[in-house]
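**Student:** One structure, as structure tokens, below. Some questions next.
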Amino acid sequence: MDIHVLNHPLVDHKLTVLRDKNTPSSTFRELVSELVMLEAYEATRDIEVVDKPIETPVAPMIGKHIAAPAPIIVPVLRAGLGMLDGMTKMIPSAEVGFLGMKRDEENPTQQITYANRLPEDLTGRQCFLIDPMLATGGTLVAATHYLAERGAKDITAVCILGAPEGLKFVEENLDPSIKFKLVLCAVDEKLNDKCYIVPGLGDAGDRLYGVID
């Protein structure tokens, strides 16, 4: 498993404001989008490109163009939606699928799938899974398996925060035949007894969109 944790003062600054409990939802949403754009630079480092002949105002040249079929960005609902704008700004030619998963509160490593809007065949597609929090790792593993069942073999996960327990679970439960990369802004200390990341930032979905009882 290829893990990349961003090391940049701008990321550290924005992440500190994001974590602050006094940061309002409007600012929180803007910061998530900005952080994802910074992550996308690393996440797309190995994106497939092809030669493209063009003419500049001065001379013809061979440039680069994102290869077909187009990459697909898959936000894990609902918190992953907050990351979608940043990713599509960086890869505007990408298609977007949606995957609704939530943690089983009685068994945190098990997931409940409640929505799916994805192509049936993902063979040959580069997939970018986006979900702000990698806590237990259960959602990420389940989502990766879900894409792999549809033929995906090249998956990059983009998360803002991770916990050591989640990283360990992902590494132990991923299908080794999948080319998998994980990009994070930071890895925090641990999970608490409610499986929240510590120090973390709270519930990302609630902070993005407000609490839903």
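Cβ atoms here come from the backbone N, Cα and C positions, even for glycine.
Feature list, courtesy of Swiss-Prot:
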- Arg78, Arg103, Asp131, Pro132, Met133, Leu134, Ala135, Thr136, Gly137, Gly138, Thr139, Asp203: 5-phospho-alpha-D-ribose 1-diphosphate binding site (BINDING)
- Ile197, Gly202, Asp203, Ala204: uracil binding site (BINDING)
**Student:** Which residues, same chain and not among Ile197, Gly202, Asp203, Ala204, have a CB within 8 angstroms of the centroid of the CB atoms at the recorded uracil site?
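**Tutor:** Here the nearby residues are Pro132, Met133, Leu161, Tyr196, Gly200, Leu201, Gly205, Asp206, Arg207.
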**Student:** Counting other Cβ atoms within 10 Å of each Cβ, which of the binding-site residues Asp131, Asp203 scores lowest?
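**Tutor:** Counting other Cβ atoms within 10 Å of each of the binding-site residues Asp131, Asp203 gives the minimum at Asp203.
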**Student:** Take the C-alpha atoms of Asp203 (uracil binding site) and Met133 (5-phospho-alpha-D-ribose 1-diphosphate binding site) and report the distance between them in angstrom, rounded.
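**Tutor:** Cα-Cα distance, Asp203 (uracil binding site) to Met133 (5-phospho-alpha-D-ribose 1-diphosphate binding site): 9 Å.
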**Student:** Specify the nearest of the binding-site residues Arg78, Asp131, Met133 to Gly202 (uracil binding site), where nearness means the distance between Cα atoms.
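**Tutor:** So, spelling it out, the nearest of the binding-site residues is Met133.
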**Student:** DSSP three-state call for Ala204 (uracil binding site): helix, strand or coil?
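**Tutor:** In the DSSP reduction, Ala204 (uracil binding site) maps to helix.
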**Student:** With an 8 Å cut-off on Cβ-Cβ distance and a minimum sequence separation of at least 6, pull the same-chain contacts of Met133 (5-phospho-alpha-D-ribose 1-diphosphate binding site), or say none.
**Tutor:** Ala79, Cys159, Ile160, Leu161, Gly162, Ile197, Gly200, Ala204
